[in-house]
Each structure stands twice: as structure tokens, then as C-alpha cells.
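Participant: Quick one: the structure is below, questions incoming.
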Amino acid sequence: SRALGTALACISFGSLAAPPFGGVLYEFAGKRVPFLVLACVCVLDGLLLLVLAPPGGTGARANMPVGTPIHRLMIDPYIAVVAGALATCNIPLAFLEPTIANWMKDSMGASEWEVGLTWLPAFFPHVLGVYVTVRLAAAYPHLQWFYGALGMAIIGASSCLVPACRNFGQVIIPLCGICFGIALVDTALLPTLAFLVDVRHVSVYGSVYAIADISYCVAYALGPIVAGQIVHTMGFAQLNLGMGLANVLYAPVLLFLKNVCQMKPSHSERNILLEEGPKGLYDTIKMEERKG
């Protein structure tokens, strides 16, 4: 939870700081400068990865177990519930980013700097949500599903409040609520995916986190297309009410995950760990952990 929370905080900083970053540089330095800065950052980060985390040799990976195929993970009902929650909770952020700027200009006469800074304050409650969820998960790990459901309820309520805002100061409050709720959902449910793979499949996490990325991508791919069409045909208020209702209705579905923490490893994995001798690096490590 702590490691994934840190990663989510960095992801959120990139997403929420992008509009003011790009807007300021575009306004004062020109169209090309934001892209050149990002290109330099990416090259520097790639070089640092090569130095600090070089790719492992083929020998180390040869002893790792083969992960469960992604199509089998997708039909696991518990993983499907988590993936649906991740997609649903990110819909408000994905749908509001391409639509809220025009709504603010039309409804409250917002200036360019106000539009650019709309999402930046929401970064701080997002980090707070990550911190709170990590601490709660350490103290009460069996309530991960509840933290996710609470986050979806907060997202739903905050989405419904956005159309009622009349100035820049007011609109920041529900946006902060949305990002706080997203932090609760993501930080609680992403470790749950790893736990589900541990107890129901093979403990290799690449495929299950690919499913999580697909869930995010579904929301952000549909955002510019679906959100714009809904605003054009039904209105901005109806868009927010629909997103809020979707999150509130999905929150009780997470009750399905209530007993996940009580699951035990599958029979096949237990045989590998307890009855057979270790066959590779992964099994050796797990056997030593069991003996310890």
C-alpha cells in the first residue's frame, strides 16, 4: 500500500500539474517549450533508470514462474469488480478535464489563469487521501473494500456538487473531493489486486496491473469523446449527475470484496510451497519465508 500510494501520488502530480505547467510555459515561452522540457525530463529519467535499475540478466528471469494468462485474470469475478471500480472512479476526472474549462468560461466568466489552475489545488487532498488510506490499511487491512466504497461515495457526492458552483473558489472544493476519493479507491484497491493474485493465481503481477491500466485507459479514452457529446446533447449538469450516480451505485458492489482478506492460497500453490521442494528462485524465497 505504501509503495503503490507513493506511485499514485506521483501520477496524480503529473496529471494535475500539467494544465498550469503547460499553460504558463505556452503563454510566456511559446508553443514548443513545454514539449522540449518534457522531452528533456523523459530522457533524463530514462538515463537514471538505466543507472539505478538496470535490466536484469536472462538467468534471473529464467527461474521466475509463469504468470496466469491475462484472459483468465479478466474473468476472475473479484478482479473484475476491482477493475470496474478503478474505471468508474476515474470517470469524473477523465470526463471533467476536457469539459470543465469551457463550462467555467461560460457559466462564471473564469479567466485563463483560473482555468489553468483549476486542478492544481486538488493535488494536495489527493496526497492526503493516499496518506490516510496507507495508514488505515496498515491498522485495519481487512477494511480495504470499505475504504474503496467510501471513496466512491465521496466522488459521487462531489461530482453532483460541481454544477452548483458559481465561482472559482467554490469549484475547487468538489474537485478536491473527487481527487481525495480517487486516492482512497486507488490506494485501497490496487494492493487488493496483488493479494487476489497471491491467493487465487500465480504470484506474478504484470498481467493484473495491466488490467488496472486498461481500466484507467477505458475512462480516459472515453472522456474526450463521450463527455463532449453528453455536454452537447444533455448539458454539463446532467454529465456530473450521471457520473456521481454511477459512483454511488457502484460503491455497494465492493461488498463483494468483504471476505477477500480471509482467503487462503489455492491448493496448487500450497502444494508447491509446502509439499514439494523449491524448484526456482521464486519458490525458494517463498519456502524460506514460510519456514521463517
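A Cβ is built for glycine as well, from the same backbone N, Cα and C atoms used for every other residue.
Annotation source TrEMBL lists transmembrane segment at 33-52, 73-96, 116-138, 145-165, 171-196, 208-231, 237-257.
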Participant: Out of 33-52, 73-96, 171-196, which stretch has the largest tally of CB pairs under 8 angstroms to the transmembrane segment (145-165)?
Facilitator: 171-196
Participant: Going along the chain, which residues at least six beyond the ends of the transmembrane segment (116-138) come within the CB cut-off of under 8 Å?
Facilitator: 1-2, 5-6, 8-9, 12-13, 15-17, 19-20, 23-24, 97, 100-101, 104, 144, 147, 151, 168, 171-172, 175-184, 187-188, 191
Participant: For the transmembrane segment (73-96), which stretch among 33-52, 208-231, 237-257 has the most Cβ pairs under 8 A?
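Facilitator: Counting Cβ pairs under 8 Å, the winner is 208-231.
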Participant: Apart from its near flanks, which chain residues at least 6 from the ends of the transmembrane segment (237-257) lie with a Cβ under 8 angstroms of it?
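Facilitator: Residues 77-78, 81-82, 84-85, 88-89, 91-92, 95-96, 99, 144-146, 148-150, 152-153, 155-160, 162-163, 181, 192, 227, 230-231.
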Participant: Who are the long-range neighbours of the transmembrane segment (208-231) in its own chain, taking Cβ under 8 Å and residues 6 or more past its ends?
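Facilitator: Hits for the transmembrane segment (208-231): 70, 73-74, 79, 82-84, 86-88, 90-91, 93-99, 103, 190, 193-194, 196-197, 201, 238-239, 242.
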